[in-house]
Amino acid sequence: MTKYIIITGGVLSSVGKGTVAASIGLLLKNRGYKITMVKVDPYLNVDAGTMNPYMHGEVFVTDDGAETDLDLGHYERFVGINMYSYNNITAGKVYFEVIKNERQGKYLGQTVQIIPHVTDQIKSMIRYASNMANADITIVEIGGTVGDIEGLPFLEAVRQLKLEEEEGNVVFVHVALVEFLKVTEEIKTKPLQHSVQELRRIGIQPDIIVARSVVPLDEETKKKIALFTNVKPEYIFSNYDVNMTYEVPLILEKQGLASKILSKLNLPDNQPNLSEWIRFIDNLKTADKEVKIALVGKYTKLKDSYISIKEAIYHAAAKLHIKPVLVWIESTDIENSKEAIDKLKSVDGIIVLPGFGSRGVEGKILAIKYARENNVPFLGICYGMQLAVVEFARNVLGLEKAHTTEVDPNTPHPVITLLDEQKKVVQIGGTMRLGSQKVIVKEGTLAYRIYGNIEVYERHRHRYEVNPEYVDLLQKGGLVISGVSENGLVEMIELKNHKFFLGLQGHPEYKSRPLAPSPVFIGFLRAAAGV
């Protein structure tokens, strides 16, 4: 029978629930338990696909093509398991199913209400995700903060879940901020106390508290929290500041969090093997050979917009034992500022990041031109690959007004155009070419040397493609088409006689993990570092 760990959050959002949930998953998986994860997002969007990255951060794409919350990326990277569409439950999905059921007469004439119909649907979706994974333990992270009006049905649903499950099958872990005042050097616990009081009003008593803090909690602070939250001090843990999020599982393991959770769930506490994880962190900490990488994009003011790419760089860097220095460059700045262009002169490699729309496009093209002309290792991902084709068409083939029809529908040289299957699509959400797609790699190319296989799979998220009508012209001009889909779509492009120049329509960052880095990022960093 599946056991459940419910993660709630208090005081404020972005308090680290996702990292704590992923860390618990890692620690329990390393003890031999089969784990699955569920992220509950109380927003009314059906998925994260139509959200602005500045509002919500990266959209993480799963193998089955779901456009999900970035926390699912944390889960995959930490726990080392694949997530699917059913691992991300949103209020939009829940209400959509409830209304559909009502229209189909499945409620037999009942008045459809939040309780029981919405809460039953939430529980059903949690249990479905658990059953699909045949999990020993399902970790459910409730997005948002206790007290948010949109989160109330979800908290009520997990309260009911505990009531319905056998004793010892459900554990509540509450993650909340405790503020450290530098002026008085005091830790203030009152906001955490109030968040637990709010949780208890809903009918949920946390079994374990993880306090997010700048510094480790002392015993007196734990006793104070215990007094006001009805949680014993030995079940209060400190998630304090560390140099990198990958250290969080280790500090929680050192405090005994996983062991306490297992005791609450009446499960054996096996000895974990974290040696590979520790080695990965040590490699990052002890690396001293610096390599400067420019990341050129339109959402660089919020680094979470590209979190999987950032993490994929660190995964590959640990493998190569080098120290990456990330130089974030807003692509619009390159269009308007000589200083931004000058930044490119100091880097060892350039990544042109994915994105949509016209803003910052010319800046990205200038960055690609610089990389091509100056033999700087270049990696273009999704839109970055498409714009590399545009740059090549303009500046090598002499098609001065070449463009993507996404930006200029009337371009005389539409080297990038809408996929055939997208031309009749009206709805925006969930309609792109999504998920894991097979790529056939040409032997003797850079891509083949990187992957070492003729057939590879990468996750995709796009509507546009390299225009098939221009493929012959591009190849005659010197562009290498090193990877295609099963039906002939251009998937990978590269240049001969260049240190490293590779563009991919897919997103290799989504499959990169600390202990299994993406070969694309390994190849790129190896070229940038000269190792």
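Each Cβ is built from the backbone N, Cα and C atoms, and glycine gets one as well.
The structure displayed is predicted, hence computed values, not measured ones.
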According to Swiss-Prot, which candidate in LYS100, LYS106, LYS224, LYS232 joins SER13, ASP148, ILE149, GLU150, LYS188, THR189, LYS190, PRO191, LEU192, GLN193 at the CTP site: LYS224
Same-site ATP binder from ASP69, ASP71, ASP120, ASP136, given that Swiss-Prot records SER14, VAL15, GLY16, LYS17, GLY18, THR19: ASP71
Annotated companion of TYR54, GLY355, TYR383, GLY384, MET385, GLN386, GLU406 at the L-glutamine site, Swiss-Prot, chosen from ARG127, ARG159, ARG279, ARG463: ARG463
Same-chain residues at least 6 apart in sequence whose Cβ lies under 8 Å from GLY18 (ATP binding site): LYS39, LEU70, ASP71, HIS74, TYR75, GLU141
Site diameter for ATP, Å, by largest Cα distance between SER14, VAL15, GLY16, LYS17, GLY18, THR19, ASP71: 13
Cβ-centroid neighbourhood (8 Å) of the ATP site, SER14, VAL15, GLY16, LYS17, GLY18, THR19, ASP71 excluded: GLY9, VAL20, ALA21, HIS74, GLU141, VAL175
Distance, ILE149 (CTP binding site) to GLN193 (UTP binding site) (CA atoms, angstrom): 19
Most distant Cα pair in Å, residues SER13, ASP148, ILE149, GLU150, LYS188, THR189, LYS190, PRO191, LEU192, GLN193, LYS224 binding CTP: 31
Alpha-carbon distance [SER13 (CTP binding site); GLU406 (L-glutamine binding site)] in Å: 35
Among TYR54, TYR383, which are binding-site residues, the residue with the most C-beta atoms within 10 angstroms of its C-beta: TYR383
Listed recorded positions (VAL15, ILE149, CYS382, MET385), ranked by Cβ neighbours within 10 Å, top entry: MET385
